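Novice: Copied straight from Swiss-Prot:
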type	residues	note
TOPO_DOM	1-290	topological domain 'Cytoplasmic'
COMPBIAS	1-22	compositional bias 'Polar residues'
REGION	1-63	region 'Disordered'
REGION	76-101	region 'Disordered'
COMPBIAS	77-97	compositional bias 'Polar residues'
REGION	158-270	region 'Disordered'
COMPBIAS	171-200	compositional bias 'Polar residues'
TOPO_DOM	312-327	topological domain 'Extracellular'
CARBOHYD	Asn312	N-linked glycosylation site
TOPO_DOM	349-369	topological domain 'Cytoplasmic'
TOPO_DOM	391-420	topological domain 'Extracellular'
TOPO_DOM	442-448	topological domain 'Cytoplasmic'
TOPO_DOM	470-508	topological domain 'Extracellular'
TOPO_DOM	530-548	topological domain 'Cytoplasmic'
Amino acid sequence: MAGTQDQSQDYFSKPTTPSTPGQAHLGNVANRIPSTIPDRESGTERAKSTHSRHRVLHGLPSTFMSYMSRRPVASSRGFSRVSSEGTASRPTAPQHSSHFHHYAPAEDGYYQENPWFGEADKKPIFSLGKPLPHKVRRKVLKPVRPDGKVDEEMAIVKEETTNEPHPGYASRTTSGQPYRVETQSSLPSRDIQRQQSRTTAAGVAHNDRRNDAGQPVFEYIPGEATPTPGHRDPASRVQSKQDNGHSPPDFKVDGEPLGHQEKPCVESGDTNANEMRNWWARLRARHPEPLAEFLATAVAIFLGLTGTLSVNLSATQSQPYGTYETSCWAWGFAWMFGIYLGGGVSGAHMNPAISVSLSIFRGFPWRQCVIYVFVQFIASIVAGALAYAMYADSINHVDPDMTKMSMTFFSTPREWVTLKSAFFNQVVGSAIMMIAVFALGDDQNNPPGAGMHALVLGFLVTTLKFTLGYNIGSALNPASDFGPRVIAYAVGFRGDNVFHSGWWFYGPWAATLIGSLLGCTLYDGFVFVGSESPVNFRVDKRVKKLFN
């Protein structure tokens, strides 16, 4: 036997050339073979011999095999090896390469000092730098178990169906198979007592056997009772599901809308993650999203403003420092840098219209949305103040009366453009912006490759500035318009176009939000198929009664 294994190992390590075209794909097939197969009778997992796997792979080049040996196993990438029925199933390939991070090499001891490093995100990030996450937003009914507790696993989605089934049945949210939902009111008291007395910690009770006193007779079995999957009580199913790792640990930090999820060993107290952290590192680790959103928004608006100031301040010189197209490119690249800067932490929305639209149409938490909008406005004010401080001398030299350079800081319709035309211009531009944002974030459509979302969105901003910026300046971001407008008013710009005309509200605010919601509705109505969008919601009976 040992000689056979040695021969197999020697032959396996020899560099050979694939003899057929299909042999080059055998590595991917063998990599998806489960390493464990569950035993249906005992419910345990038995190891599968890797000898057959080696036999499938022999004949491949040694360089390819060394690459295959360094690849992470499927389970580390979120693959499911066992189906819900307990049978072995083929793992599914990852949907997008941008879902996985490529970390730089780390020295020995770095992971001990930084136990949070390399952990996968436990919370969905609504990022503009990758496809948007999918959330279940429908109401959930939680049936009551016979002992009066809520059965979390048996929770069903509340849906109004045209062909209503039997009142005691509903459809599973995972497998689509019907099952019986039993509540306290639907179970007779005798059935409740029978279910409660059916199983104990040390044995299994017969259903109908009773002694002279009418008490159930138990047949005790040494060790713990191992009921079959069909007769397992809901509590044991939930516990087993948690033990198998299908649900994250129930730590307090997981219930907070903002915060960083540490490793389980850190959350349980086995490892002190703050041992090497100062007070600021502890604060940042607990609330990274607002800080990242602030930095990304401030940098993007600052770069865009300074690019526009460079062009407008040099417009009267013999050699202008660029043209209007230069300003458009500056805003596009600035937005791209902002997404690269904070897209992996906060999502880098940098726009209140985007945050509100994601909350309405994709389930972005409203509490986070309020915090994001507040942070975005603070960042825009800081960016406007910093941009003015950089160019204060040039502004006072070119425009000592503080009248002409105001259009550099905020959106202003031209004198001959009517209010209706300016409002319509803003609505159309915002709608196109959100259609493109949702299209890039839809993994069921045609998302770009890894790391390309930021570049495409930067081109989008540049294109919108090119095409819709002549009439009003194309202020598609309430934050990037309001913050610099406040700074312009504070430093001495007192023209009617600052706050007196009212455009600051019904243009960058009202028109942008209306256009964004319109664009989201159009995309979800024509393209998006996910159930998280309210466009795809079923109308509740209470809403129907209002129109009947």
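Sequential numbering from 1, following the chain as shown.
Keep in mind that glycine also has a Cβ here, set from the backbone N, Cα and C atoms.
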Novice: Which residues does Asn312 (N-linked glycosylation site) neighbour through Cβ under 8 Å, counting only same-chain ones at least six apart?
Specialist: Ser327, Met405, Met407, Thr408
Novice: Residues of the same chain, at least six outside the topological domain 'Extracellular' (391-420), with any C-beta under 8 angstroms of its C-beta?
Specialist: 305-306, 308-309, 312-313, 316, 384, 470-475, 481-482, 484-485, 487-488, 491-495, 497-498, 503-504, 507-508
Novice: Average the pLDDT scores across the topological domain 'Cytoplasmic' (530-548) and report the rounded value.
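Specialist: On average, pLDDT over the topological domain 'Cytoplasmic' (530-548) sits at 74.
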Novice: Provide the three-state secondary structure of the residue listed as 'N-linked glycosylation site' computed with DSSP.
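Specialist: Going by the DSSP assignment, the residue listed as 'N-linked glycosylation site' falls within a helical segment, counted as helix.
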Novice: With DSSP as the yardstick, break the topological domain 'Cytoplasmic' (349-369) down into helix, strand and coil residue counts.
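Specialist: Split into helix, strand and coil, the topological domain 'Cytoplasmic' (349-369) gives 14 helix, 0 strand, 7 coil.
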Novice: By Cβ distance under 8 Å, which residues at least 6 away from the ends of the topological domain 'Extracellular' (312-327) in the same chain are close to it?
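Specialist: Answer is 391, 394-395, 398, 405, 407-408, 465-466, 469.
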Novice: Mind checking which residues reach the topological domain 'Cytoplasmic' (349-369)? Cβ under 8 Å, same chain, six or more beyond either end.
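Specialist: For the topological domain 'Cytoplasmic' (349-369), the nonlocal Cβ contacts are 126, 128, 132-133, 135, 137, 257-258, 289, 293, 296-297, 300-301, 335, 338-339, 376-377, 430, 433-434, 437-438, 441, 476-480, 512-513, 516-517, 519-520, 524, 532-535.
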Novice: Using Cβ atoms and a strict cutoff of less than 8 Å, what residues sit near the topological domain 'Cytoplasmic' (442-448) while being 6 or more residues removed from its termini?
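Specialist: Contacts of the topological domain 'Cytoplasmic' (442-448) (Cβ under 8 Å, skipping residues fewer than 6 from its ends): 95-96, 131-132, 455-456, 527-530.
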Novice: DSSP on the topological domain 'Extracellular' (391-420): how many residues come out helix, how many strand, how many coil?
Specialist: 14 helix, 0 strand, 16 coil
Novice: In the topological domain 'Cytoplasmic' (442-448), how many residues does DSSP assign to helix, to strand and to coil?
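Specialist: Its residues divide into 0 helix, 0 strand, 7 coil.
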